[in-house]
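Asker: Pasting in a structure now, in structure tokens, and then I'll have a few things to ask.
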């Protein structure tokens, strides 16, 4: 239903209205809505009706009933008059306006992650993990570079680690002899690094007299039956 702004019904919205029905009952409530059939909605409504006495000598008495929210049918409505102005809004919480004065706090949006200007906390020196380059490859090897550059850097790092000179205490100009390796006598070449020395007596000592050729030196277990022992020193093993 389209109603103009100058309608009298709209001007009485939220007023206390007195509505009289055909049967004589009176409804007084706050006028909230209506339609084209004059159906009304009243809130905080009270009903007043007159009760006739049984005897003619007794006067009529009026009875009041509290109804609350009421829907009145327009076909039963006889008259409608203003009972009072709209009630004042008391105790209703309203949303504060944007320009209203606020409190001492500052409203900020909840951010995600670490802000750009805040420094990242670091662990103490004693609790931090190993530094890059200590106990592992150097920083040059770990830095992403081209294929050839990475391979060259890795070879250079390995060579620098393998060929680094060892510092010895003063007074000792040569490196100590490795444990478990005997110094060969003059005139005998030592085996190259990584190769086992030949089987037999220790280097620099002649074979013991009384030991037959092909028998293991004292202190070593003989080979199992059916397996020939190692050849004597200075002889090449037979070809299969």
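Yeah, the Cβs are placed from backbone N, Cα and C, and that goes for glycine too.
Features from Swiss-Prot:
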DOMAIN    4-86  domain 'Sm'
MOD_RES   108  omega-N-methylarginine
MOD_RES   108  asymmetric dimethylarginine
MOD_RES   108  dimethylated arginine
MOD_RES   112  omega-N-methylarginine
MOD_RES   112  asymmetric dimethylarginine
MOD_RES   112  dimethylated arginine
MOD_RES   147  omega-N-methylarginine
REGION    165-240  region 'Disordered'
MOD_RES   172  omega-N-methylarginine
REGION    175-236  region 'Repeat-rich region'
COMPBIAS  183-205  compositional bias 'Pro residues'
COMPBIAS  214-240  compositional bias 'Pro residues'
Asker: On the DSSP side of things, how many residues of the domain 'Sm' (4-86) fall into helix, strand and coil, could you say?
Answerer: 7 helix, 47 strand, 29 coil
Asker: Would you report the average pLDDT that the model assigns to the domain 'Sm' (4-86)?
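Answerer: The answer is 89, the mean pLDDT of the model over that range.
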